[in-house]
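**Student:** Take a look at the following structure, please.
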Amino acid sequence: METAGAYESQMPQHNTTTAIKELDDGVIFNNAPPRTLHTRDIVAAGFNICNSWGGVAATLFLGIIAGGPVTIIYGIIVSTVMVGCCVLSAAELAARYATAGGQYHWTWLLAPEKAKRGMVGVRFGLVISMGPLTERELQSYTVGIINIFAWLATSAAVCAILPSIILGLVRHWNPAYMSPRWQAFLIYQASNIAVLIYNIGILRRAGCTHDIGMALSLLMMLTYFITCLARASPKLSSSFVWTVFVNEGTGWSNGIVFLTGLVNPNFGFVGIDGAIHLAEDAKNAATAVPWALVATVVIGFITAFPFVVAMFYCISDAKSVLASPVPIFEIWRQAVRSDSGATTMTALFVLTGYFSLNASQQTASRLTWSFARDRGLVFSGAIGVIHPALGVPVWALIANAFVVFIMGCVHLGSTSAFNAIVATAVILMHITFAITAGLKMLRRRAQHFLPEKKSGWSWNFGKAGWLFDSITVAWGFITLIFYCFPTSNPTTGSSANYAAAVLAVMTLFAVINWFSYAKKHYDGPRVNLERFGDTTGPQ
């Protein structure tokens, strides 16, 4: 294929000793992971990361207080359309440049090469630089660090959801019990470390893990859907399910409440780019990755939308659901009319969370490994290496788990601050999509950046691609603005949204990494553009 040679030398002299080996669908470094994942495995991994019906169910508390059923039900439709456009925009590039770096590789390929000297302005709050460098390198570094932060926040979010559900069950069975925050911290860290060990020593040899996780999740969704509808009595009216909008004491208009509440259904698609970063683990990645992206969105909607609608019909006491620390448990309890039954359902539901965390850690490590391989991170010499015996980026996994550990300490100190970290996972993911889509339009969607048009199905969407790219950019701005809004107006300390503060802290780490290491060593992805065609194009 014409992607062969993609990782040949157009790299700094200190990297020229890196060997490469040819594969059927491209070229990878000799320290890349073995290509063992088939299309089915990539789809399963992508689904497990998002687990859309589970993601929406686990974060219902975000949507219930910000619009209620209307926000969640119609928000799933809105999120599916918006994320679908993001995925189709990304699929064009994934079909041509199937690399673990994904968005930051594409940014470097698409960004203009105008020289920048002196101070370079902050882009999305993540990079400030002094001295000579090209806009291409700056934008690529920016997107790479944004994407890494997005995946670290995603992994941390899953780690945090697990103890909140587990301890919520404890409080239901023992209402007098007030769990100290350190217990949630211990469950969080135990989950983080256990899945890290599994990723390092077992996952590569347990290829069916993602398939089992996906099958279990789909079976549970179908079982819960049928059981709850069959057992629930009485059921809520259709007028309540489809028309009730909850906006009590927020101080915001219904429109703003709806947009801020979309973070709940949008979370059902967080990590949707997972398949992209598993490209170098995949066989026939140029075909498998785009189809996995689309399949994850389609399966996500098919499972999440009917599930959520059915669950709202099964509510018999809406006030109890609003007051519950785990709303989905209370809905199941009302539906099956059994505390024990709802507890069993919730325990199995938690199990799917561990499959999600496992896939998230794996995917995040491949992105971190790729960025370190391109010398974008401090300690790149260790982080950017695949362990020869285990076949996984051990130090990338450990580095990511350490950062997630630190985020757990934030959770120990402040629930509000940690909720902001969760929100940034969605925001930053969409920013990376928006930047690459915007650069495609800046380059006027030149044909040499896109897959070859073929008779029959092609991942080159032609004129329709302009629509997908435009919506992707617009949605990136919407999430950046409205997912940072506080929950009430006027704002108090408890209702404040600390997403902007979290972004500022991430900016600080990005700047420190740049000045301490990346500024001297990061020269962009190791990509030979001659093998992809002319990329000079209009500036």
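Glycine residues also receive a Cβ, built from the backbone N, Cα and C atoms like all the rest.
Sharing the feature lines straight out of TrEMBL:
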TRANSMEM  42-66  transmembrane segment
TRANSMEM  72-95  transmembrane segment
TRANSMEM  145-170  transmembrane segment
TRANSMEM  182-200  transmembrane segment
TRANSMEM  212-232  transmembrane segment
TRANSMEM  252-276  transmembrane segment
TRANSMEM  288-313  transmembrane segment
TRANSMEM  340-357  transmembrane segment
TRANSMEM  377-408  transmembrane segment
TRANSMEM  420-443  transmembrane segment
TRANSMEM  464-483  transmembrane segment
TRANSMEM  495-516  transmembrane segment
**Student:** Output the single range from 252-276, 340-357, 377-408 maximising the number of Cβ pairs under 8 Å to the transmembrane segment (182-200).
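**Tutor:** Most Cβ pairs under 8 Å with the transmembrane segment (182-200) come from 377-408.
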**Student:** Kindly say whether the transmembrane segment (377-408) and the transmembrane segment (42-66) touch, using the definition of 3 or more Cβ pairs under 8 Å where each pair is 6 or more positions apart.
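**Tutor:** Not in contact, no.
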**Student:** Same chain only, please: residues at least 6 beyond the ends of the transmembrane segment (145-170) with a C-beta under 8 Å from a C-beta of the stretch. Say none if there are none.
**Tutor:** 49, 58-59, 102-104, 124, 126-127, 177, 179, 183-185, 187-189, 191-192, 267, 270-271, 273, 277, 324-326, 329, 343, 346-347, 349-350, 353-354, 356-357, 360-361, 363-364, 367-368, 371, 376-377, 400, 403-404, 407-408, 411, 418, 421-422, 424-425, 428-429, 431-432, 506, 510, 513
**Student:** Taking 3+ C-beta pairs under 8 angstroms (sequence gap of 6 or more) as contact, is the transmembrane segment (72-95) in contact with the transmembrane segment (340-357)?
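**Tutor:** These two stretches do not touch.
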**Student:** Are there at least 3 C-beta pairs under 8 angstroms linking the transmembrane segment (464-483) and the transmembrane segment (252-276), leaving out pairs fewer than 6 apart in sequence?
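**Tutor:** When sequence-distant Cβ pairs are counted, the transmembrane segment (464-483) touches the transmembrane segment (252-276), since at least 3 lie under 8 Å.
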**Student:** What else in the chain is close to the transmembrane segment (212-232), if you only count residues 6 or more beyond its ends and a Cβ gap under 8 Å?
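**Tutor:** Long-range Cβ neighbours of the transmembrane segment (212-232): 43-44, 47-48, 51, 53-54, 303, 306-307, 310-311, 313-314, 316, 331-332, 334-337, 345, 348-349, 351-352, 355-356, 358-359.
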**Student:** Find the member of 42-66, 288-313, 340-357, 420-443 that has more C-beta pairs under 8 Å to the transmembrane segment (464-483) than any other listed stretch.
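**Tutor:** Maximum Cβ contact count belongs to 420-443.
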**Student:** What parts of the chain pack near the transmembrane segment (340-357), using Cβ distances under 8 Å and only residues at least 6 beyond its ends?
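**Tutor:** For the transmembrane segment (340-357), the nonlocal Cβ contacts are 48-51, 54-55, 57-58, 155, 158-159, 161-162, 165-166, 169, 172-173, 191-192, 195, 209-210, 212-214, 216-217, 220, 224, 326, 328-330, 332-333.
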**Student:** Do any residues, 6 or more residues outside the transmembrane segment (420-443), come within under 8 Å Cβ-to-Cβ of it, and if so which ones?
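**Tutor:** Same-chain residues near the transmembrane segment (420-443) but 6 or more away: 59, 86, 89-90, 92-93, 103-104, 106-107, 110-112, 124, 139, 142-143, 146-147, 149-151, 153-154, 156-157, 160, 263, 266-267, 270-273, 407, 410, 449, 465-466, 468-470, 472-473, 475-477, 479-480, 483-484, 497-499, 501-503, 506, 537-538.
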